Number of protein chains: 2
Amino acid sequence: MNKNILKQRLGIIGGGQLGKMMLQASSTWSISTVVLDPDSSCPASAFCDELIVAGFQDEKGLESIAKKSDVLTCEFEHISTEGLKNLERKGYIVYPRAESLKIIQNKYDQKKFLKEKGLPVGTFLSVNNSDQLHQIGEELGYPYMLKTATEAYDGKGNQLVSSFEQAPEAYEFLSKRSDIVYAEAFIDFDREISVLCCRGKDGKTVTYPVAENIHKNSILYETLAPARITNSQESEAKEVAVKISGVFDAVGIFCVEMFIDKKGSILINEVAPRPHNSGHFTIEACETSQFENHVRAVLGLPLGSTRQRSPVVMRNLLGTPDHAGIPVIVGAEKALSIEGFHLHYYGKEQTRPHRKMGHFTVLADTLESAIEKADLGEVCLRIVSESSKGKE
Amino acid sequence: MNKNILKQRLGIIGGGQLGKMMLQASSTWSISTVVLDPDSSCPASAFCDELIVAGFQDEKGLESIAKKSDVLTCEFEHISTEGLKNLERKGYIVYPRAESLKIIQNKYDQKKFLKEKGLPVGTFLSVNNSDQLHQIGEELGYPYMLKTATEAYDGKGNQLVSSFEQAPEAYEFLSKRSDIVYAEAFIDFDREISVLCCRGKDGKTVTYPVAENIHKNSILYETLAPARITNSQESEAKEVAVKISGVFDAVGIFCVEMFIDKKGSILINEVAPRPHNSGHFTIEACETSQFENHVRAVLGLPLGSTRQRSPVVMRNLLGTPDHAGIPVIVGAEKALSIEGFHLHYYGKEQTRPHRKMGHFTVLADTLESAIEKADLGEVCLRIVSESSKGKE
């Protein structure tokens, strides 16, 4: 008889808020869990059965969590793919697969891979040295984006090049950050959307309603679902996400961030092979959350319904600028008195300016009403540092 | 400045499934937690920050958890009320209050208290010795119920007396179980319902939609919500629950189990001063679960909306008769493929016949459809013991 499916031990690489929310999902079935994170007091530390304190490039640490797990997953991309490939060679099961992570970690390779598979991406060009910048400006027109292929997140590693004169400085700046710099045509988008697709071991997929994202300072500020797009855009976006999930032979959630340009066309921005910030709305608004479906998929369980039960707004709670240190959440009482308001506070030990410290979700009968309530909640809530409280 | 409200430490006496589900609710806000339970591997043990292994009558253990908590609550009633009163005298905060627990622990005192407060209870009489049995039969008619005032749960401590001849044996049997035996008029009920009322520190209350309960062998088998009752019964039941919550000066969830008799009148069966098995449906079906609202109340946070988002059926998963030992859940994969099906598996280390090992909740567009799906799920699922798997 096979090992009972709920007796599998789940290993999660990364113990931040995404890891914690995976544990909240798996706790409902009392799944045994082990987490690897360099920080012994990471948000997931309080809810896993075992914590391995090790870095994400530490191959010994990775082998140690693999030995203790029936299946390994991760909450983010920046893990030693060599380490993961070694584990796969030894027969350990890793979802997302090491090869997928390797492609996705390098944003240039990711775009190239997606283009080769016939998926809609904007024009992009490799930049090997500054002599090519003139030619790139000619091809892409101005403005265009210079980007690093690695070390890029929350807008870091991106530079807008508005004229040829700006190009050398931007290139030099980015070259210091990463070995690989590439150029992308500027997309004057109408909307940013994301689609979560979850794929099971049997290749079956479910997709969540398309979400609309609004970034501020290159950090996700707000997600609205349903997205304010046409039905055909909704279908097309889901088709793209399902296709991506297939080309990566995914098991688990893949999140695909896309632009809708002024002509209404869909262009892929980037792919995350895991539950994603823009999918937090699914916890309260959908029949099965992105975290539960991710856990179901990697454990080999059938996937749950993604049906949306209510219009929803999700907003991130970022550390207030000028506040660093032990965090205090101000205004939670007031915010929690708003009907349909759901607070998530991650329990990080330190706040820093713009650090993701929590999020909130508001359900209401209409998206407009949810936005109004989210505005009320946002006015109440602030994450400050304990030592700065006097200043408030 | 007051201590930040989300930095309070929550102490929970009892680490069974109800304690675990309180922890799942509080984990979303990263509330620090400490649990007291005699079993070091109780379901809550994996999700609390600290576990104190001690018995519920152990006054030292109770003082130890109190010292580590800003507020104390419990997942069940059978705790030393003397111990809790001592803690209250020392200034520790305990919800439900020790005096409420004392009244509720003794089912005769509970009924007396409710009657004195003008709340609808059936006729009940104290029984001090067997000589009174004839008179009691005359007053209540046959059949009637003999019950122990303490040591009573899941139907244990109840005897149906159908004729005068049966009375002495039933009385003798129950007298061995508890010092206090009393008699209740038999209620030929049409339906059993329960109402969850949550009351905040400010005296504000919220009530959940009335749930309909079906027991089998005196253990809760199924809860349906909304209950199949009239609007006026729904209002009346909620009013009773709010009033009870007031007379106990409750902080947190109180669950009131009631009968609707053949005439359509409401009679209180019993009160539980805490989240209740019949309220598990609120996790998936309501805007705020009973566990979250209980935690909100005891921490002094505003209460969340109890709005029901979908018709729902909850059924308990009991240990299969003849199976004892390390549990294995059979059929989870199949059950999880049912749309709207949500599984809770508590992670108890041992199964025993009829032990509550988990529950499942089914959401559907109609109650009828939820019942059909629950039937499908129930056919799939069994909790057996590992060593008995061969027999299956």
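Cβ coordinates are placed from backbone N, Cα and C, and glycine is handled just like the others.
Among the features that TrEMBL reports, ATP binding site is placed at A:Lys107, A:Lys147, A:Glu184, A:Ala185, A:Phe186, A:Ile187, A:Glu192, A:His215, A:Asn269, A:Glu270. Same-chain residues at least 6 positions away in sequence with a Cβ under 8 Å from that of A:Lys107 (ATP binding site) are, in sequence order, A:Lys147, A:Thr148, A:Ala149, A:Thr150, A:Ala152, A:Tyr182, A:Glu270. In three-state terms derived from DSSP, A:Lys107 (ATP binding site) belongs to a helical segment.
Mean per-residue pLDDT, taken over the domain 'ATP-grasp' (A:111-299), amounts to 95. Among the features that TrEMBL reports, domain 'ATP-grasp' is placed at A:111-299.
For the ATP site, whose annotated binding residues are A:Lys107, A:Lys147, A:Glu184, A:Ala185, A:Phe186, A:Ile187, A:Glu192, A:His215, A:Asn269, A:Glu270, the maximal Cα to Cα separation is 19 Å. Counting only residues at least six positions away in the same chain, the Cβ atoms of A:Glu212, A:Asn213, A:Ile214, A:His215, A:Glu257, A:Met258, A:Phe259, A:Ile260, A:Asn269 sit under 8 Å from the Cβ of A:Glu192 (ATP binding site). A:Glu184 (ATP binding site) is surrounded by 21 other CB atoms, counting those within 10 A of its CB over all protein chains shown.
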